[in-house]
Every structure is written in C-alpha cells, then in structure tokens.
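According to Swiss-Prot, the features are:
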ACT_SITE  H106  active site, proton acceptor
BINDING   G38, A39, S40, G41, D42, L43, A44, K45, Y86  NADP(+) 1 binding site
BINDING   D101  D-glucose 6-phosphate binding site
BINDING   R163, Y179, W185  NADP(+) 2 binding site
MOD_RES   A2  N-acetylalanine
MOD_RES   S8  phosphoserine
MOD_RES   T10  phosphothreonine
MOD_RES   K173  N6-acetyllysine
MOD_RES   Y179  phosphotyrosine
Amino acid sequence: MAEQVALSRTQVCGILREELYQGDAFHQSDTHIFIIMGASGDLAKKKIYPTIEPASFQRLNTHMNSLHHGAQANRLFYLALPPIVYEAVTKNIKETCMSQDVMQNHLLQMLCLVAMEKPASTNSDDVRDEKDELQEAWRIFTPLLHHIEREKTQPIPYVYGSRGPPEADELMKRVGFQYEGTYKWVNPHKL
C-alpha cells in the first residue's frame, strides 16, 4: 500500500480549485462573489490569496463585470477592517447590497453574508463596539431566520436534471424576467 502524505491547506484548496474548473459542471453552477474589504487581513493573506492565481483575478474581474446587476449572485463580504468602520460598512452593505425584499426573494436565492476578521485589539472599547455591531447584525437577521423557521416552507418538487419547477418560470414571467439561457444539465455520474 502506498504511503499517504498529509497535504497543506493551500495544497488541498489548489486541488479543489483545479477539480472545480475541470468540465462543465463548475460553469453551470450559481455565481458566487467574494468581496474582501481590507486586504491586510490575516485570513486573506494566509488562506485566500495563496490559492488564487493572478490570472484568476483577471478572469474573476472580467466575469463580474459581465454580470447583469449580479442579482442572482451569492455574496460573501469578508471584512478585514478596523472595528471603527464596521458600522458604516455594514450599513452600506445592508442598504445597497442586500435584497430589500428578502422574504419574497426565494427565487433568486440571493445570499448575503458578512464575515469579520478577529479583533485587531483587546481594548475594552473596541471589543464593546464590535459586540454592539454584532448585536445590530443579529437584530437584522434574527426576525428573518424566525420567519423562515415558522413558515417551514417545503421545496417544490421538480424533475431531476431539469432547470427547476415550472412555478419558478411562471413567477419569473410575472415579475418581468425573461430567461434567455440555454441551460442543459448533464449528469456528471454518467460521463
């Protein structure tokens, strides 16, 4: 039996990235946009940047520029910023980047997450400010999470391999969205 060698996290991420880019499955999936604010963050420097090639940045920039409003994209905002600017940044994210109608926006499945870097200082005022910001974030998201839990919305069944349920197309037509794609799902297990 061959000896197994432990891989570093960077090597694992590199292998996963290569596998994702192979074949058509990656290119038919949902769009994910990562917005990193504050390039000096520890996670960004140690884990994110080493796994992304310079050419990937150019492709990502070209792709993001080609998106029509990016409304269907899942968005993750990674804040590697000093705590003093969290309030202003999260308010702007809430006002301009989150769906204003999240409850009824299940069709678009727009996801907006905010991740924060560990505190830059242990000063009691800074820690208190971050606690206040997190409480504000939970004040915004808790009612939404409770609503989702109360509704216990069941997924609409649809044919395996299809674009989704016909009700989704009907809703898109009612709100004025015209699907112009040529999506055709290919079962990766039968290739």
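Placement of Cβ uses the backbone N, Cα and C atoms for every residue, glycine included.
Feature map: annotations from Swiss-Prot on the structure.
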| residue | record | DSSP (3 states) |
| --- | --- | --- |
| R163 | NADP(+) 2 binding site | coil |
| K173 | N6-acetyllysine | helix |
| Y179 | NADP(+) 2 binding site | coil |
Any same-chain residues 6+ apart from Y179 (NADP(+) 2 binding site) with CB under 8 Å of its CB? Would you list them in sequence order, or say none?
-> D169, M172
List the Cα distance (Å, whole number) between the residue listed as 'N6-acetyllysine' and R163 (NADP(+) 2 binding site).
-> 15
If you count the other Cβ atoms within 10 Å of each Cβ, which of the recorded positions R163, K173 comes out on top?
-> R163
